Amino acid sequence: MFIEPTRRREPPHLRTGWIEVICGSMFSGKTEELIRRLTRARIARLNVRIFKPTIDTRYHDADIVSHSSLSIPSTPVQTAGQILAMAGDCDVVGIDEAQFFDKEIVAVCDALANQGQRVIVAGLDMDFAGQPFGCMPQLMSIAEYVTKVHAICVVCGDIAHYSYRLVPSQERVLLGETDSYEARCRRCFNLGDAAGQKEWAYEDVKGVISEK
Ligand SMILES: Nc1ncnc2c1ncn2[C@@H]1O[C@H](COP(=O)(O)OP(=O)(O)O)[C@@H](O)[C@H]1O
Ligand SMILES: Cc1cn([C@H]2C[C@H](O)[C@@H](COP(=O)(O)O)O2)c(=O)[nH]c1=O
Ligand SMILES: [Zn+2]
């Protein structure tokens, strides 16, 4: 588990900011981890601002919502530049679905960290084709801390780091959930449609998990 670097409340001219990236496939727990860190920052009574791209309205127009229904309020923005304009005076900036932002997001995160803010960014590191997604490689290289989280392969139960697309579209951007994607390990991702029937569905085990 990621342990936050501690920071005293220095005057602005003495502050040091930094960038944390949380990456992985779909269903790997990126949003849960982002919410966990932002909640702890709020408990520390830090001033927190949270953003997501307007494109991502799957669960809620404004809130960031995890696949397990954890949520936290956020501000949807159309461009990365808007984040810089709106996050100027806070201590901690949270950004979800970073892969959907324009390439300016890299300079924006850098500028926020340079002016003393803690920037926590979550996003898909690979698209459905297994290719690096948008600005994520650049963000990972300029970040002080990178956490890669993993899902469970729904075909075989191994650790998964691919998002396998179940529908024929080849468009890079295609919003969806378990209707159009599943988490897969390397072997089952490479097998494609030949990987066979999945052995379990998240919906089947969800009740069992929450009963424990
Ligand atoms: N194949 C899977 N592997 C792991 N967790 C899954 C899977 N399918 C659904 N989940 C659920 O998704 C949650 C993670 O959701 P979330 O944080 O929104 O992931 P991400 O933002 O990476 O897509 C898990 O805690 C679990 O409840
Ligand atoms: C792999 C892949 C995903 N997407 C979309 C599908 C979802 O709407 C989001 C990812 O959400 P999550 O919080 O990480 O589960 O991205 C896409 O548009 N293109 C892709 O290749
Ligand atoms: Zn597998």
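Cβ atoms are placed via backbone N, Cα and C, with glycine included.
Listed in TrEMBL for this protein:
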type: ACT_SITE; residues: GLU97; note: active site, proton acceptor
type: BINDING; residues: GLY24, SER25, MET26, PHE27, SER28, GLY29, LYS30, THR31, ASP96, GLU97, ALA98, GLN99; note: ATP binding site
type: BINDING; residues: CYS153, CYS156, CYS185, CYS188; note: Zn(2+) binding site
type: BINDING; residues: VAL173, LEU174, LEU175, GLY176, TYR181; note: substrate binding site
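Mapped onto this structure are the features recorded in TrEMBL.
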{"residue": "GLY24", "record": "ATP binding site", "DSSP class": "strand"}
{"residue": "ASP96", "record": "ATP binding site", "DSSP class": "coil"}
{"residue": "CYS153", "record": "Zn(2+) binding site", "DSSP class": "coil"}
{"residue": "VAL173", "record": "substrate binding site", "DSSP class": "coil"}
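With a 10 A radius on its CB, ALA98 (ATP binding site) counts 26 other CB atoms from all the protein chains. Across the structure, GLY24 (ATP binding site) and CYS153 (Zn(2+) binding site) are spaced 13 Å apart at their Cα atoms. The binding-site residues near ligand 2, defined by a Cβ under 6 Å from one of its atoms, are VAL173, LEU175, GLY176, chosen from GLY24, ASP96, VAL173, LEU175, GLY176. Ligand 1 lies under 6 Å from the Cβ of SER28, LYS30, out of the binding-site residues SER28, LYS30, ALA98, CYS156, LEU174. Here LYS30 (ATP binding site) comes close to ILE22, CYS23, GLY24, ASP96, ALA122, GLY123, LEU124, VAL149: these same-chain residues lie at least six apart in sequence, with C-beta atoms under 8 angstroms from its C-beta. Shown in sequence order, PHE128, ARG165, SER169, SER180 are the same-chain residues outside VAL173, LEU174, LEU175, GLY176, TYR181 whose Cβ sits within 8 Å of the Cβ centre of the substrate site.
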